[in-house]
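A.B. asks: Got a structure for you, questions after.
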Amino acid sequence: MQQRVIVGMSGGVDSSVSAALLLQQGYQVEGLFMKNWEEDDGTEYCTAMEDLADAQAVADKIGIKLHTANFAMEYWDRVFEHFLAEYAAGRTPNPDILCNKEIKFRAFLDHAMTLGADFIATGHYARRAETAYNSKGEAYAPLLRGLDKNKDQTYFLHAVHGREINKTLFPVGEIEKPEVRRIAEELDLATAKKKDSTGICFIGERRFNDFLKQYLPAQPGKIVLDNGKEVGEHHGLMYYTLGQRGGIGLGGMKGASEGAWFVLHKDVANNRLVVGQGHDHPLMQSTQLWSEAIDWVAGEQNIPAEGLRCTAKTRYRQPDQACTVFIDENSEHGVRVEFDEPQRAVTPGQSVVFYSDEVCLGGGVIHHTNAPTPNFI
């Protein structure tokens, strides 16, 4: 009997080709287009209608049914409110990670199961291993890096539990992006030459600062140098991220060298932005970080007393960094991570993701690091 797969179709080339490949592999395939954001300003920032039309055109071309579902309420409650709270606290969140965990691999998966699916599929560049069992006897599928290392998206999928991965197929995870484009052109799919989406879907083409301002009141404050000297005013700490180069408004400052300016530290308590010159400024360097809650793909991870040796990324596309992970005795589910080499601009609110060779073990949100605090704070 044919197994039924419902593909999350976004109107992009990766999910389009995923659906086509699954058909070729003999599955009974249907598509589902998710609407995760309600337009409220009457303008076409988000291309949701265009994306739906593209998904429908592909579904018609390959001869499959396309369902639609509205998860805007779930998105607001489970993703967007957290996104705003993190920015309000001076951190820099990554909503794509939470969206995958709560919407694409929870709300969508649950909905697909009510439609009678055996599996869901997405256009992510990732792979899964055969079903395994953790120490509690729970079935899960280990998450593996995508074959195309330049496009691998496991960083964004690390918070998805292995039991959900066990119900998911990743057709394009087994091939490289140029091949995906070639297949789409060969099949004459409407999305063959469509640009990859960038940015967060609910912001679309808007300037990020303008969007954020609609939801959080800006709190301007002082810009200070690494010695505490005031040199200007910032528009609100939420608009800046650690390690950011430029966009600070200090170009041509009297008495300063011609070098670029970088965000070194956010003094949230005093609403001050600390800046300085030098790509590898000491205030941006850390060798340890702490995360208060880790999502392990297997639902668990044995961490010996001497620590777990693995590699980690603290941002997407960063080369793997050798590290040791320890249980943090001061938090119920947290870890402390020691890196072999100093790390630059590790950012609270972003995620640290752990790997053992090809296997993505899981990860968590960075709470704080041991980067030095400016001595005037």
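Cβ atoms are placed via backbone N, Cα and C, with glycine included.
Note that the coordinates shown come from a computational prediction; the quantities given were computed from them, not determined experimentally.
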A.B. asks: Name the residue, out of GLY123, GLY137, GLY146, GLY162, that Swiss-Prot lists for the same ATP site as GLY8, MET9, SER10, GLY11, GLY12, VAL13, ASP14, SER15, MET34, please.
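C.D. replies: Among GLY123, GLY137, GLY146, GLY162, only GLY123 appears alongside GLY8, MET9, SER10, GLY11, GLY12, VAL13, ASP14, SER15, MET34 as ATP-binding in Swiss-Prot.
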A.B. asks: Least buried of the recorded positions GLY8, GLY12, CYS99, going by other Cβ atoms within 10 Å?
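C.D. replies: Across GLY8, GLY12, CYS99, these recorded positions, the one with fewest Cβ atoms within 10 Å is GLY12.
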A.B. asks: Quick one: pull the CA-CA distance for ASP14 (ATP binding site) versus HIS124 (site 'Interaction with tRNA'), whole Å only.
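C.D. replies: It is 7 Å, counting Cα to Cα.
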A.B. asks: As a test of the contact definition, list every same-chain residue at least 6 positions from SER10 (ATP binding site) whose Cβ is closer than 8 Å to its Cβ.
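C.D. replies: The list for SER10 (ATP binding site) reads PHE33, MET34, ASP51, ALA55, GLY123, SER197, given in order along the sequence.
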A.B. asks: Including all protein chains shown, what's the count of other C-beta atoms within 10 A of the C-beta of GLN350 (site 'Interaction with tRNA')?
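C.D. replies: GLN350 (site 'Interaction with tRNA'): 23 neighbouring Cβ atoms within 10 Å.
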A.B. asks: Across all chains shown, how many C-beta atoms besides its own are within 10 angstroms of the C-beta of MET34 (ATP binding site)?
C.D. replies: 27
A.B. asks: Nearest to GLY8 (ATP binding site) in three-dimensional space, by Cα, is which of the recorded positions CYS99, HIS124, GLN350?
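C.D. replies: Given the candidates CYS99, HIS124, GLN350, the nearest one is HIS124.
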